[in-house]
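Peer 1: Per Swiss-Prot, domain 'Glutamine amidotransferase type-1' is recorded for 3-202. The L-glutamine binding site annotation in Swiss-Prot covers Gly58, Pro59, Gly60, Ser136, Leu137. Summarising the annotation, Swiss-Prot assigns active site, nucleophile to Cys86 and lists similarity to another entry as the type of evidence. Taken from Swiss-Prot, the feature active site, for GATase activity applies to His176, Glu178, supported by similarity to another entry. The region 'Indole-3-glycerol phosphate synthase' feature in Swiss-Prot is assigned to 231-495. The region 'N-(5'-phosphoribosyl)anthranilate isomerase' annotation in Swiss-Prot covers 509-752.
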Amino acid sequence: MGFTLLIDNYDSFTWNIYADLASVGGNPYVVRNDKITLKEIEGMFSDGELERIVISPGPGHPRTDSGVSRDVIAWGMGKLPILGVCMGLECIVDLLGGEIAYAGEIKHGKTSLVQHDSIGVFHNLPQFLSSTRYHSLSAQIQSLPSVLQVTSTTKESGVIMGVRHRTYTVEAVQYHPESCMSEGGRGLMANFIQMKGGKWGGENAWCGVPAEGEEEQPKAKTNGAPSLPTILNRIHAQRLLDVEQAEKVPATSPANVSTSLSLYASPPLINFRDRMVSTPHTAVMAEIKRASPSKGDIAPTASAPEQALKYALAGASVISVLTEPTWFKGSLLDMLAVRNAVDSLPNRPAILRKDFVLSKYMIDEARLYGADTVLLIVAMLEPQQLKELYDYSVSLGMEPLVEVNNPTELSLALEIGSKVIGVNNRNLHDFNVDMSTTSRVNAALNGRDVVLCALSGISSHEDVEKYVKEGVKGVLVGEALMRASDTKAFLRSLIGLPPLEVVPKSRPLVKICGIRSTDDAKLAISAGADLLGVILVPGTKRCISTSTAREISALVQSARSQSSSKPLEPSLSSPWFTTQSDLLSSRRKPLLVGVFQNQSLSDILSAVEEIGLDLVQLHGDEPQAWAKFIPVPVVKVFRVSPEGIVRGGEFRRPGLNQAILLDAGGVSGGGGEGKAFPWEHAKRLIQSGEVGSEGHMPLPVILAGGLTPENVGQAIEQAGEGVWCVDVSSGVEGEGGKVKEKVEAFVKAVRG
C-alpha cells in the first residue's frame, strides 16, 4: 500500500490533517517543507510508494513561506492527486498565475457556511458546510487562471473557498476541513484518497468531475447564472446588506426617501433615450470609476464632479457614476455632486446610476440623488423582478439602461419593452471580456427599434468604429478614460472628433452706461453701442425716472427692430458663461440694461416689466441666487481691489447670473465711480477659466472701471482674451452728459 505525502508548512493544523488521513486509510507520511527535496519525492514516486500529496496550511505568503510546496505541485500535476489546504490552495493558484491578495475580510478561528459544487472532494457532502477559517488572503476571482475553476465559496460573502484544476486531479480548499469545528472534513479526505492517477475521468469518474473534453453535468441555473457564487453573486449579497442598512437609517428610510421625492427635492430629469439619440455623433457614456473587481484601484482619489466636467466639456452624452462602495469605491454623494456640477451646461449629459440595482428603493435613491436613468442587469434579476423594476423606473420618468450579455438575456430585455439596451462584453460571473459579445447580440436584434450600446472593453477608436458599423449608437468607456493623461482629447479621439479648440472671439461688445435721456440713447445707438445702461438707483446722480426709462426703452426697441440677429445653437461642449456670452452676443441689438443697487427683488421685477428691460445689472450686494427669479439675463458686478481681491460673491459660480462684470472697488466696496483697477488682475481672473475647463476656456467678463477712449484699447490688450464686453460711463461724459465725440471715439477704439 502506498502513502500520502503531507508537506508541513509549519502549521499546527498539519497534525489534524494527519489524523484525518490516517483515520480514512490515507497512510500519511509527514515532512516539513524545508526537510525534503524534490529529487527525494521523485524517487518515492518512481519506487511506486507515493500515491498522493497534501500541501498543508501555513503562515505567510506562498511565494516566500511554502518551501518546496510550489515545486512539488508543479512536478506532481498530471502524475498523482494533489490536495491543497489554505496555504496549499494559495500555492496552487499563485503557481498557475493567479493573484493571492486580501480577501476583503479577516477570519481567524471563525466559521462560515461553505457552498460547493458537490463533485470531486465534495462528492456526496451536504451543502452549507460549517467550516473553520484562519486567513486574510484568498484567491482573487478576477485573476483566476482559466485552468482552474471555483468549486466552493462562502455563502455569506462569496469568498473563494475551493478551486479545482480542469484537467488534472488537483483540488484545494481555503478553509480548514481538518478543524474540529468544520463539518464534512473526514468525508472530504475520504473522497480525496479514493482518487487515482493524475487526470479526471476514467477511474475517477465516480466523483463527477468530467475528463478533459467531456461536458460537465448541467446544474440548475437562473437567468444563465451558475449555481455557485461568482463575483456577481458576491456583489449581489453585499448590496442587499448595504440596502438593508441604509433603510434602517432614519434619514434614508424608504419613507423619508419617498417623501423627499414627493416634495420634488430631487433635481429635474432629462430624457435619457432622447439625449442619446439627439447626439450628432456616437454617444459616449463616460464612466467615473475609481476601482473595479477585475482591475483593483484605477483612480482611487479621483474627484467625481471634476471628472464629470471634463467628460461633459469634451462632449459626453451620458455620465455613468458608479455608486457601489465596496468594489468600485463609489457613492450616491458622488452622483449628486456630478449632477450639480453639470447642471449649468446648456445641453448637459444624462446621469446614469451604475450599480447593481435590486429594489425599488435603490431606484428611488437614484432619482433623489440626481440620476436620469439606472442600470438594470438582467443577469442579477429574476424575470418578474426585472419587469417590476423596469416599469417602476419608467413610472418615475427614468428609462433604464438594461444590460445583457447574451441573446437569451436580450430576449428578456426585449420582452419587458426596453428601449435602451447595453451589451456588456464582460461576463460578470467570471469577469472575462469577449469583444464579440456586442456583435452577437446586435445580430439577434434583427433591426428592432432599440438604442444599442456597447458597455465594456472599449479603449480605442478602432473598437468604437467596429461597433458603429454594426449599428451601435453609444459606447460606455470607463477605465481607459480614467487612466487617460488628457481626458478630453482621448474622449474625442475615441469617436473621431477633432480636439477642442477655443474659437478666438471678435472684438468686445460696447456698453454705454449712465444713459439719462433719449438724446444720450440716440447718440450711443448712432455710435454703434451694443448695450445701453440706465441707472435706476434712487439717490444717485445718474438715476432716471421710470417714465424716462420707458422712453429710452421704446427708442432701443425701435432701433433693435432694424438690426439682425445671429442665430446660434449653443455648443454641446460650452460651459455656462461662454454659452451665455455667446447667446447675448448673437441677439439683436442694442439691448437695454437696468442697473440696480441694493434694492428689493420686488422693485427690480416691477421695473423689468414696466420699463421693458432686456437685462438687469445687480451693482450692489444682492444675492447671486436672485438671478433665478429675474426673467431677463442678469449681470452681476464683482469688485476687484487694488490687491486683486474679488468681492461680491462667487464670481466663477455657473448657473446663476449670466454675465460677470469686473469693476474697481476697495475693501469698503465702491465701484461705478470712474476708477480703474490693475488690469493684470482681470487677466488673471479671466485665465482662471470656466469651472471645469482647467483654464483652457477663458472666463468671459465685462470689463469696467475708469475706462476712456484713450485707455480702453490698452485695457483690452492687458486683460487679454476673455473680455467680451467693455463698460463705460464717466469716461465718455462731459458736464452736460454724454459727449458725442467721446462716445464715438470709445466705440472706435474698441472696434479697432
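Each Cβ is built from the backbone N, Cα and C atoms, and glycine gets one as well.
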Peer 1: Please report the number of other Cβ atoms within 10 Å of the Cβ of Glu178 (active site, for GATase activity).
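Peer 2: Here the count is 26.
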Peer 1: Between Pro59 (L-glutamine binding site) and the residue listed as 'active site, nucleophile', how many Å separate their Cα atoms?
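Peer 2: Given the Cα positions, Pro59 (L-glutamine binding site) is 9 Å from the residue listed as 'active site, nucleophile'.
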Peer 1: Of all the binding-site residues here, Gly58, Pro59, Gly60, which one's CB has the most other CB atoms within 10 A?
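Peer 2: Top count of Cβ atoms within 10 Å goes to Gly58.
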Peer 1: So for Cys86 (active site, nucleophile), how many other CB atoms are inside 10 Å of its CB?
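Peer 2: Total other Cβ atoms inside 10 Å, all chains included: 27.
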Peer 1: What's the number of neighbouring CB atoms sitting within 10 A of the CB on His176 (active site, for GATase activity)?
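Peer 2: So the number of other Cβ atoms within 10 Å of His176 (active site, for GATase activity) is 24.
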Peer 1: Filter the active-site residues Cys86, His176, Glu178 down to the ones within 10 angstroms of Gly58 (L-glutamine binding site), Cα to Cα, kept in sequence order.
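Peer 2: Cys86, listed in sequence order.
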Peer 1: Between the Cα atoms of His176 (active site, for GATase activity) and Cys86 (active site, nucleophile), find the distance and write it as a whole number of Å.
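Peer 2: His176 (active site, for GATase activity) and Cys86 (active site, nucleophile) have their Cα atoms 7 Å apart.
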Peer 1: Taking just the CA atoms, what is the gap between Glu178 (active site, for GATase activity) and Cys86 (active site, nucleophile) in Å?
Peer 2: 11
Peer 1: So, three-state DSSP: helix, strand or coil for Pro59 (L-glutamine binding site)?
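Peer 2: Reduced to three states, the DSSP call for Pro59 (L-glutamine binding site) is coil.
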Peer 1: What kind of secondary structure is His176 (active site, for GATase activity) part of, going by DSSP in three states?
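Peer 2: The residue in question, His176 (active site, for GATase activity), is strand (DSSP, three-state).
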Peer 1: Between the Cα atoms of Cys86 (active site, nucleophile) and Gly60 (L-glutamine binding site), find the distance and write it as a whole number of Å.
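Peer 2: Here the two Cα atoms lie 11 Å apart.
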